[in-house]
Amino acid sequence: MRANCSSGLACPANSSEEELPEGLKAFGNLDLVFTVVSALMIGLLMFSLGCSVEVQKLWGHIRRPWGIAVGMLCQFGLMPLIAYLLIISFSLKPLQAIAVLIMGCCPGGTVSNIFTFWVDGDMDLSISMTTCSTMAALGMMPLCLYLYTLSWNLEQNLTIPYQNIGITLVCLIIPVAFGIYVNYRWPKQSKIILKIGAIAGGLLFLVVTGAGMVLMKEFWSSDIILLMISFIFPLIGHATGFLLALLTHQSWQRCRTISLETGTQNVQMCFTMLQLSFTAEQLVQIFGFVLAYGLFQMLNGFFMVAAYKMYKRRLKNKHGNEKPSCQEARHRKKSTSPKETTAFLEVNEEATLSPGPSGPVDPHGAPTPTGDIARAK
């Protein structure tokens, strides 16, 4: 099925004899290799991240899915709406508008999971949101596209990549399930696997980012408006996702997680859908946007992680220079606060800053009598 973006824009079926542009030709030749390698790498990465998931916490998110519900609202409520508002604000052409809207309707990608781990987010919630959004995409993608294109002149429906969604689910659920099992049976070994996976994920992201910059060299001057949208779109998603999580009284850890999940989209699924729906001649007009969005969401993620690490180190240094009396006073203030968290970074230092007992303690839990009471005895 093909999409006719306007009454004057025809979308005939793709043919193998059609001449591809250089950028798309290189991408098409490496598409199969990239798909297989990325599937294996993502599978191994999700296995290592699954080693950080605890069964009890995961069941808690499923039994009380408030965080998942907020994340789904951000994913399929805010992101399509943001895409639609950007389309109206920049008065995009029909073909460009469809590309931006499809990106907004796609589920969250696995990139957000490793970024969530690096910012000390809620990994159980992150993996739950990625899995649930991918499953919900089977119905929510067609629904969102239908609702937002009611006023558009579309003669035929867009092609939903159900096969790609199914492959993504398999690459998510099976490795994560094995990781959860390893963490349940061998918790010490799972921590080692998690550290190795985090390093491998970082190297993989650096390679993907570098490859994206090389492929983007032919598209930097293609359309400035699309490049601008590809830069601000994920940033707006991160900001609005964080604000919605904050308004629904989620913890700071969950706010960071939902923010990253909201702005990070499954770029490969978006490109697959565009490839199934348009010809190569039309695809070259919007390929730069898809590639730029994936590149900018990577760069945004690295920037957020770097900012978090710097602020966390600064916070630890500040607390380390405090006098013991100030630390005890701050600890007493924390212990009397009914809130779940007290700082955006949620640096858990109560264990290290907690003052020890002032006197000897009885092994059975009863305090040793001192002062006048001891003399009376």
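Along the chain as shown, residues are numbered 1 onward.
Cβ coordinates are placed from backbone N, Cα and C, and glycine is handled just like the others.
Restricting the average to the topological domain 'Extracellular' (1-29) gives a pLDDT of 44. Taken from Swiss-Prot, the feature topological domain 'Extracellular' covers 1-29 (among others).
As annotated by Swiss-Prot, N-linked glycosylation site applies to Asn4 (among others).
Summarising the annotation, Swiss-Prot assigns transmembrane segment to 30-50 (among others) and lists sequence analysis as the type of evidence.
Cβ atoms under 8 Å from those of the topological domain 'Cytoplasmic' (51-67) belong to residues 117, 122-125, 127-129, 176, 179-180, 182-184, 190-191, 193-194, 197, 248, 250, 254, 257-258 of the same chain, restricted to positions at least 6 beyond its ends. Annotated topological domain 'Cytoplasmic' per Swiss-Prot: 51-67 (among others), in sequence order, evidence recorded as sequence analysis.
Feature annotation from Swiss-Prot assigns transmembrane segment to 68-88 (among others).
Annotated topological domain 'Extracellular' per Swiss-Prot: 89-97 (among others), in sequence order, evidence recorded as sequence analysis. Same-chain residues lying 6+ beyond the ends of the topological domain 'Extracellular' (89-97) with a Cβ under 8 Å from its Cβ atoms: 5-6, 9, 152-153, 223, 225-226, 228-229, 278, 282, 285-286, 289.
Per Swiss-Prot, the feature transmembrane segment maps to 98-118 (among others). Sequence-remote contacts of a segment are chain residues at least 6 beyond its ends whose Cβ falls under 8 Å from one of its Cβ atoms, and for the transmembrane segment (98-118) they are 3, 5, 42, 45-46, 49, 52, 75-76, 79-84, 86-87, 92, 126-127, 129-130, 133-134, 136-137, 140-141, 144-145, 148-149, 158, 165, 168, 171-172, 194, 198, 201-202, 205, 226, 229, 233, 256-257, 260-262, 264-270, 273-274, 286, 289-290, 293, 297-298, 301, 304-305, 308-309.
What Swiss-Prot lists as topological domain 'Cytoplasmic' is 119-133 (among others), and the listing cites sequence analysis. Broken down with DSSP, the topological domain 'Cytoplasmic' (119-133) shows 11 helix, 0 strand, 4 coil.
Feature annotation from Swiss-Prot assigns transmembrane segment to 134-154 (among others).
Per Swiss-Prot, the feature topological domain 'Extracellular' maps to 155-159 (among others); the stated evidence is sequence analysis.
According to Swiss-Prot, the feature N-linked glycosylation site maps to Asn157 (among others), an assignment based on sequence analysis.
Taken from Swiss-Prot, the feature transmembrane segment covers 160-180 (among others).
Listed by sequence, the residues of this chain that lie at least six past the ends of the topological domain 'Cytoplasmic' (181-195) yet keep a Cβ under 8 A from its Cβ atoms are 47-55, 117. Taken from Swiss-Prot, the feature topological domain 'Cytoplasmic' applies to 181-195 (among others), supported by sequence analysis.
Residues annotated as transmembrane segment in Swiss-Prot, with sequence analysis given as evidence: 196-216 (among others).
The feature topological domain 'Extracellular' is assigned by Swiss-Prot to 217-223 (among others).
Swiss-Prot lists 224-244 (among others) with the feature transmembrane segment.
Below 8 A, the CB atoms of the transmembrane segment (196-216) and the transmembrane segment (286-306) form 3+ pairs separated by six or more positions in the chain. Within its own chain, the transmembrane segment (224-244) is flanked in space by residues 70-71, 73-74, 78-79, 82-83, 86, 90, 92, 96, 99-100, 103-104, 255-256, 258-265, 286, 288-289, 292-293, 295-297, 300, 304, which lie at least six positions past its ends and keep a Cβ under 8 Å from the stretch.
Tertiary proximity for the transmembrane segment (258-278) is limited to same-chain residues at least six positions away from its ends with a CB under 8 Å from its CB atoms, namely 1-3, 11, 14, 35, 38, 67, 70-71, 74-75, 78-79, 95, 99, 102-104, 106-112, 115-116, 119, 121, 125-126, 129-130, 133-134, 137, 158-161, 164-165, 168, 233-242, 244-245, 250, 286-287, 290-291, 293-294, 297, 300-301, 304. Non-local neighbours of the topological domain 'Cytoplasmic' (119-133) in the same chain are 46, 49-50, 52-54, 57-58, 60-62, 67-68, 71-72, 75-76, 107-110, 112-113, 169, 172-173, 176, 251, 253-254, 256-258, 260-261, 304-305, 308, 312, 345-346; each lies 6+ residues outside the stretch with a CB under 8 Å from one of its CB atoms. Using DSSP to sort the residues of the topological domain 'Cytoplasmic' (181-195) gives these counts of helix, strand and coil: 14 helix, 0 strand, 1 coil.
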